[in-house]
Amino acid sequence: MVNDSDESSLMPSWLVVYIKGICMGAADAVPGVSGGTIALIVGIYERLITAVTAVTPRRIRAILSAPHPHYRESALAALRTIDIWFLIALGAGILSAIITITRIVHVGIVSYPAITFGFFFGLIAASAWVLRQPLTIDTPGRIVAAAGGFLVAFIVSGQAATALGQSLPVTILAGAVAVSAMILPGISGSLLLVILGQYEYMTGTLSMFVDAGVAVLTGGSFAPVIETGTVVVAFVSGAVFGLFSIAHAVRWALERYYEATFAFLVALIVGALRAPVVRVGTRLSSDAGTGWTPSTIALFITAALVGVFIIILLERAAGIGDVDMRI
């Protein structure tokens, strides 16, 4: 695990944090890999949690009062308390990576669904296996929690895209739910988007938003920017809300009902294994009209094994199975 004290003196601290943010963002963009896990590996997890949980309504009010000279000092103190420059540098790195990686992933989903979703399946399955190692489901409460998590994910997976659709309220909800998991080691925010049936929609929308922005710079119409930007803003708004509300609630539950909450989260991951299989079948039927064949099954399994291998490497680097998420 890399510690902040090990950072090279030849590189500005903000740049080091930005690069670590890129690593987190690359993980957050892929279902089954957690940005929280990467934060552990690069040695910034505790600092991230401290900064996020330091954001309170009182400090937000203090920051918003900065234009008034009388309150400027308290606003600066609040900004220092929430480690604002760290959050800005980290957030910029995360955003840069997500924009890049989701574009690649979306191409993979459209052109190579069996390989892409097979890779996701391996990541998800291995994550569930690694996380279950310190978990014992031996009480009625934990059994109920685990059953609930599995059933929620299994039932919703593959049906949510049709049932929920792609409206702005759903996008806001998706952002809030996804970001609440992104700071937990081993729990993937993108996986929750897959469960909700919003992952393909959001990766495609983000790619179109970036393309529209580039087109404007070369004289293109601004209308596509507004159309796709509205969705992006809705998602980000939900993410901000979730980061400072749902994420706090999840951590509260982990602190007070750790085993039951952990059982629910791990079972949620297991239940979500249905989603990649369903999405491949849907893609193959709609795009090629073929469905599953021996060759697509072989591609799916091979890609899944690659995903498993990557999670094993990350687990050995971060010690995910030994992590207590009540930090």
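Here the Cβ of each residue, glycine as well, is placed from N, Cα and C on the backbone.
TrEMBL has this to say about the protein:
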type	residues	note
TRANSMEM	84-105	transmembrane segment
TRANSMEM	111-131	transmembrane segment
TRANSMEM	143-164	transmembrane segment
TRANSMEM	170-196	transmembrane segment
TRANSMEM	208-226	transmembrane segment
TRANSMEM	232-250	transmembrane segment
TRANSMEM	257-277	transmembrane segment
TRANSMEM	297-318	transmembrane segment
When each of 84-105, 170-196, 257-277 is checked against the transmembrane segment (111-131) for Cβ pairs under 8 Å, which one has the most?
257-277
By Cβ distance under 8 Å, which residues at least 6 away from the ends of the transmembrane segment (257-277) in the same chain are close to it?
31, 117-118, 120-121, 124-125, 127-128, 131-132, 135-137, 139, 141-155, 157-158, 184, 187-188, 191, 194-195, 250, 324-326
Excluding the flanking five residues on each side, which residues at least 6 beyond the ends of the transmembrane segment (84-105) place their CB within less than 8 Å of a CB in that stretch?
14-15, 17-26, 28-30, 35, 44, 47-48, 51-52, 116, 202-203, 206-207, 210
Do any residues, 6 or more residues outside the transmembrane segment (208-226), come within under 8 Å Cβ-to-Cβ of it, and if so which ones?
99, 103, 232
